[in-house]
Amino acid sequence: MIQIKLHNTKTRRREPFAPADPAHVKLYVCGPTVYDRAHLGNARTVVVFDTLVRLLRHLFPRVTYVRNITDIDDKINARAAETGETIGEITARTTSWFHEDMAALYCAPPDIEPRATGHIGDIIALIERLIARGHAYAAEGHVLFAVATDAEYGKFSGRSPEELLAGARVDVATYKRDPGDFVLWKPSPPDLPGWDSPWGRGRPGWHIECSAMIHATLGETIDIHGGGADLIFPHHENEIAQSCCAFPGSEFARVWVHAGMLQVDGQKMSKSLGNFRTVQDVLGEAPGEAVRFLLLKTHYRGVLDFSTAALAEAKRELDRFYRALEKHADPAPAATPPAAFIEALADDLNTPGAIAELHALADAAMQGDAASAAGLRAAGMLIGIFNHTADQWFRGEATDDARIDALIAERLAARRNKDFARADAIRAELAAAGILLEDGPGGTTWRRA
């Protein structure tokens with residue numbers, strides 16, 4: 001059997017992946033905070049872990065993939081205050097947008113998608129456990145984790161006690177015993193979401209939500225914990241502290257995998273620079289399959305530089321692959337992808353190396369080798385491309401079905417929210433692309449003009 005090796009953030013080494021139970025791999029990835037459109041950085045993380053899960057499913061008999069929805073957060077509260085909408089309206093709409101965008105990038109949904117609001121009881125129970133073990137304390141309606149009680153705190157992210165102290169000195173709350181103590185529970189005023197608890201009406205802190213959802217869905221120790229590199233500190237450092245102190249002897253997560261950052265045209269993506277790109281923006285420029293392919297062309301731990309030129313080049317590469325498949329009348333995929341392709345992916349999810357194998361297979365297929373064409377399709381399908389026939393791709397239908405369905409769903413949501421200007425704009429956008437909508441009692445259908 002091919003051996004997967006992964007760079008483990010915890011040990012700072014690339015290691016052979018050995019799940020606790022080879023018959024059942026358990027994986028958790030931090031999901032979105034649902035208050036706005038998903039941006040390209042969000043998408044990169046989802047595509048990376050979707051690809052890793054595809055590889056794991058190819059090599060192991062059972063994989064349980066959990067990715068949460070953070071639907072309790074001060075950013076959500078602020079957006080509700082800004083727009084006048086209810087928190088429920090905001091989280092429902094933006095969760096729907098997230099699902100539509102990820103589907104347009106051919107990311108399969110996780111096996112379990114817990115929401116923080118669905119696990120308040122688990123969160124309270126975990127906090128009570130930490131208090132009972134002397135690792136947390138109540139103060140002025142808050143509950144805080146006492147970092148001084150965890151000798152391992154800071155080691156995961158490589159921060160010294162001095163660095164941790166320096167980082168915690170900004171706006172230190174008077175109720176904290178130590179400046180670095182972090183919130184597990186905080187009081188909620190009447191106008192914000194809150195739940196009854198032993199410490200009064202309040203809501204959980206962000207970090208405890210993930211620890212509780214992992215324990216509720218996967219148990220004390222999981223095989224892989226993933227997320228973006230920006231979560232290493234404080235989020236993942238704090239998750240480890242909470243979970244390992246609540247369950248002594250537990251590893252919590254055996255392997256930590258982090259996706260690198262994404263920049264646009266060589267600069268950090270930010271609204272102030274005017275280069276902030278949502279998934280929706282980019283799907284208006286290229287098929288979702290091309291966006292996915294671009295996100296896989298850079299190794300997951302490296303910085304990915306997005307540009308319009310890079311997206312166009314990704315589309316051209318896919319054109320070439322589809323030409324190779326077209327030459328063989330869209331062959332059925334081989335029973336298994338070529339070993340060299342799997343070996344590249346198994347080497348710390350080396351997608352650039354795997355894509356080089358796709359090019360070699362396409363070269364051979366263009367020279368008439370039918371087996372290479374079948375291997376090309378099988379390999380591409382494993383990483384989430386070749387979702388269409390060559391004819392569909394070149395007629396533009398690939399842009400297309402997933403994107404059209406996502407826009408129709410967005411239009412429906414806009415109409416429900418009485419945002420008729422947006423609904424009309426979507427209809428006009430689709431009409432300009434030759435897509436005609438027909439609204440009927442059973443919903444909206446579409447056809448090409």
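One-based numbering along the chain as shown.
Glycine is treated like the rest: Cβ placed from N, Cα and C.
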**OP:** Among CYS30, CYS107, find me the residue Swiss-Prot lists at the same Zn(2+) site as CYS210, HIS235, GLU239.
**Re:** CYS30
**OP:** Please find, within the list 188-192, 268-272, 313-317, the residue stretch that Swiss-Prot describes as motif ''KMSKS' region'.
**Re:** 268-272
Subject >> Where Swiss-Prot places motif ''HIGH' region' among the ranges 32-42, 65-75, 241-251 >> reply: 32-42
Original post:
In terms of Cβ proximity under 8 Å, which residues at least six beyond the ends of the motif ''HIGH' region' (32-42) contact it?
Top reply: 69-71, 73, 75-76, 78-79, 90-91, 94-95, 97-98, 101-102, 228, 261-262, 264, 269, 276-280, 282, 295, 306
Subject >> Most Cβ neighbours inside 10 Å, all chains, among the binding-site residues CYS30, CYS210 >> reply: CYS210
**OP:** Pick out which of the binding-site residues HIS235, LYS271 has the most other Cβ atoms within 10 Å of its own Cβ.
**Re:** HIS235
**OP:** Using Cβ-Cβ distances, find the residues under 8 Å from GLU239 (Zn(2+) binding site) that belong to the same chain and are at least 6 apart in sequence, listing them in sequence order.
**Re:** HIS207, CYS210, SER211, ILE214, HIS225, PHE252
**OP:** Work out, from DSSP, the number of helix, strand and coil residues along the motif ''KMSKS' region' (268-272).
**Re:** 0 helix, 1 strand, 4 coil
